[in-house]
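Engineer: This is the structure I want to talk about, given as structure tokens.
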């Protein structure tokens, strides 16, 4: 994970006095548990839940926010239904100046074209975000005592998948693959636990939540939950409610050739090429992207160097810092996104 927002705000200190337990559900700052369905958008649900809660804590208004806006519009580094990171979601909302409501931009359980009009409906904003000191459950406890916190954990293991209720103490590794939110902590019969808010629906586990053992021997926490904790920061009011305005002009899709096109804001990349002719086009979910030579992946314009073997993108040759390469999706026939288009291929 690339992060510029490391913070010692919640680093444990001598004399810290924390509540023995806290359950943010009882504080009225969490909306009902949502269901991401078959879309790999857990990162969006985690980030949104954290933003919903800090907005409620600061303003007193509990507003359900839009995961679909993140899935459709946050495409600089996140990949919609193919995964993402909560920190990048926070960055998107900060740069965008806010995020729309769930009611106005509802969840569709699939990737879609960014609705520019609703993207500009900035109902709730955050000021920044910070990362909790990693591999430190005491620091995480201190953070959760102040607000719900986004985390990632390994959820693909057999024990985790078959867990039904009670405090989870099963076997799992630290290959974190699922974004959730820690919504509190407590102790039962001498065992410390975290209250974890999932995004698999309210009928899953304990009404959509689960309890995971806390203060284990591993510094990374059970299932790696202390590896990537972060939280949004909000200090000011939300933007004023904008006056109704007509939808922004919709940009035409990108034409790859006379038969194929990609959605607006994406780049045409050839998948099947013979000599200088392309027989099948794909779409990289970024504007101005670099098409990698493997005819499968692509890189953001600010990380233009393709490292095909590693599946990463670098800012320059030999630079060890990079981001994960993105996958292309198949282009659509001309007319699939409506009339119009422009040539823009790489």
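Placed from the backbone N, Cα and C atoms, the Cβ positions cover glycine too.
Feature list, courtesy of Swiss-Prot:
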DISULFID  39-81  disulfide bond
ACT_SITE  42  active site
DISULFID  73-114  disulfide bond
DISULFID  172-223  disulfide bond
ACT_SITE  178  active site
ACT_SITE  198  active site
CARBOHYD  215  N-linked glycosylation site
DISULFID  256-268  disulfide bond
DISULFID  262-283  disulfide bond
Engineer: Given the recorded positions 42, 81, 198, 215, 283, tell me which ones have a C-alpha lying within 10 Å of the C-alpha of residue 178 (active site).
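Structural biologist: Within 10 Å of residue 178 (active site): 42, 198.
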Engineer: Work out the three-state DSSP category of residue 73 (disulfide bond).
Structural biologist: helix
Engineer: Starting from the Cα of residue 256 (disulfide bond), work out which of the recorded positions (172, 198, 283) are within 10 Å.
Structural biologist: 283
Engineer: Name, in the order they occur in the sequence, the residues of the same chain whose CB lies under 8 A from the CB of residue 39 (disulfide bond) and which sit 6 or more residues away.
Structural biologist: 71, 80, 81, 109, 110, 111
Engineer: Would you kindly give the Cα-Cα distance separating residue 268 (disulfide bond) and residue 283 (disulfide bond), rounded to the nearest Å?
Structural biologist: 5
Engineer: Rounded to a whole number, how many Å is the Cα of residue 172 (disulfide bond) away from the Cα of residue 198 (active site)?
Structural biologist: 17
Engineer: Counting only other Cβ atoms and using a 10 Å cut-off, which of the recorded positions 42, 81, 172, 256, 262 scores lowest?
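Structural biologist: Lowest Cβ count within 10 Å among the recorded positions (42, 81, 172, 256, 262) is 81.
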Engineer: Return the residues near the residue listed as 'N-linked glycosylation site' by Cβ distance under 8 Å, restricted to its own chain and a separation of at least 6 in sequence.
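Structural biologist: The residue listed as 'N-linked glycosylation site' has long-range Cβ partners 137, 192.
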Engineer: Sequence gap of 6 or more, Cβ distance under 8 Å: name the residues on the same chain that satisfy this around residue 114 (disulfide bond), in order along the sequence.
Structural biologist: 69, 72, 73, 75, 264, 265
Engineer: Would you count the other C-beta atoms found within 10 angstroms of the C-beta of residue 268 (disulfide bond) for me?
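Structural biologist: Excluding its own Cβ, residue 268 (disulfide bond) sees 24 Cβ atoms within 10 Å.
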Engineer: Would you list, in sequence order, the recorded positions among 42, 223, 262, 268 whose CA lies within 10 Å of the CA of residue 198 (active site)?
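Structural biologist: Near residue 198 (active site), where near means Cα within 10 Å, the recorded positions are 42.
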